[in-house]
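Trainee: Right, I'll just put the structure down here and ask away after.
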Amino acid sequence: MVPLNCSGSTEGLVDSMDTGDLSCSYQDRSLDPVGTRPRLDSMSSVEEDDYDTLTDIESDKNVIRTKQYLYVADLARKDKRVLRKKYQIYFWNIATIAVFYALPVVQLVITYQTVVNVTGNQDICYYNFLCAHPLGNLSAFNNILSNLGYILLGLLFLLIILQREINHNRALLRNDLYALECGIPKHFGLFYAMGTALMMEGLLSACYHVCPNYTNFQFDTSFMYMIAGLCMLKLYQKRHPDINASAYSAYACLAIVIFFSVVGVVFGKGNTAFWIVFSVIHIIATLLLSIQLYYMGRWKLDSGVGRRILHVLYTDCIRQCSGPLYTDRMVLLVMGNIINWSLAAYGLIMRPNDFASYLLAIGICNLLLYFAFYIIMKLRSGERIKLIPLLCIICTSVVWGFALFFFFQGLSTWQKTPAESREHNRDCILLDFFDDHDIWHFLSSIAMFGSFLVLLTLDDDLDTVQRDKIYVF
């Protein structure tokens, strides 16, 4: 028999327990609290590091993010300086993307215009020949000039954001409690990215209109995908500042969208296999994103995910038929899945020739759905919309309505032959210089600028409300 050493060594513990002879008396044992004794003094095989304590409620992500009722303070715990740098990457990345994307586009459309001028073959480009005003080597300068609104309003939005950021930083330097502890956390990186994207949309739309045709149309839509994606990210960031996607993952997803846009333009016409593959990927991506949003990122995509899904379905739907824990989130995601599945079915059945516009419609529908959900939940949470954002919402909606009217006039179409396209041409309607599509450019640039202002001012009513009283939805 080996006795138990009173110093705390557990060698031979099993043998000593068998004989019931413990050489250490009860009085010899330390009476120090468990938390202050060395780990070897504990008789338990489970140490305090192996179980959760009450303080974990305040720090553990799995506890915080799975609460039924979340507040902005729960998701605004990270260092503000770290988050500021994280969101500034959105601006620097899109600026880099813009340079590398725009330069070859400019070179390509200049080559197209040169070919038209040298060969005289005007069937290469689908102009509105009844209202095409040349300038120098450019065949339709009016269609290019009308895109100036995007660039100027994008620049104006950047200046507005800069002024807001300067005012916010001054408030932080004064240790203003409203700036430190109240309102939606102020991060401006995504706003800078949105303004840059609007300017690039104007530049690339102008490039497309140098020689509008089917293969060039992706230039006109690429930054529209960017704008739709950035607006959705900004809406999500407002109430989820700590868990929003990084710039790298966000732009990687947008790059995949643009990749499918290019593939759809090249191979999508009447290709059943392409539409089947795209529809399946669309549905799977929608489901994965829905799970990510519902569980606030607290789930794992691994080999056991199927088993866990079946377990949840059995316990919550069959065994006890309980409702979803996050009802509002579930309503949004169910509606989103219905819309996206319907769009996938439409694409698979109808197989539209204009794949780029179809892809853009998917992005816009999801953005409008999320925006409507955000406003409804804001009002439902007892918050209000101040006069300026309310006027922006009303005016922007009206301008969008008029803009879409002019967009659908169809002055030319590369979905038909050049001769058939010319049958749709119309005379100028503004200053004997601009046609219907030019007015679409003017109005849509104003509408996008107004939409950005709505995002910027929508939560101004919360600037004096503490973050632990602002709901997350």
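Every residue gets a Cβ built from N, Cα and C, even glycine.
TrEMBL does not curate its annotations; it predicts them automatically.
According to TrEMBL, the protein carries these features:
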TRANSMEM  90-110  transmembrane segment
TRANSMEM  144-162  transmembrane segment
TRANSMEM  190-211  transmembrane segment
TRANSMEM  248-267  transmembrane segment
TRANSMEM  273-295  transmembrane segment
TRANSMEM  355-376  transmembrane segment
TRANSMEM  388-408  transmembrane segment
TRANSMEM  439-458  transmembrane segment
Trainee: Are there three or more C-beta pairs under 8 angstroms joining the transmembrane segment (90-110) and the transmembrane segment (144-162), sequence spacing 6 or more?
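Mentor: These two segments do not touch.
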Trainee: Given the transmembrane segment (248-267), which of the listed stretches 90-110, 190-211, 273-295, 355-376, 439-458 has the most Cβ pairs that are under 8 Å apart from it?
Mentor: 355-376
Trainee: Per the 3+ Cβ pairs under 8 Å rule, pairs at least 6 apart in sequence, do the transmembrane segment (190-211) and the transmembrane segment (439-458) touch?
Mentor: yes
Trainee: Would you mind listing the long-range same-chain contacts of the transmembrane segment (439-458), meaning Cβ under 8 Å and 6+ residues beyond its ends?
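Mentor: Contacts of the transmembrane segment (439-458) (Cβ under 8 Å, skipping residues fewer than 6 from its ends): 143, 146-147, 149-150, 153-154, 156-157, 160-161, 164, 191, 194-195, 198, 201-202, 205, 227, 231, 234-235, 374-375, 378, 385-386, 388-389, 392-393, 395-396, 399-400, 402-403, 406-407, 409, 429-430.
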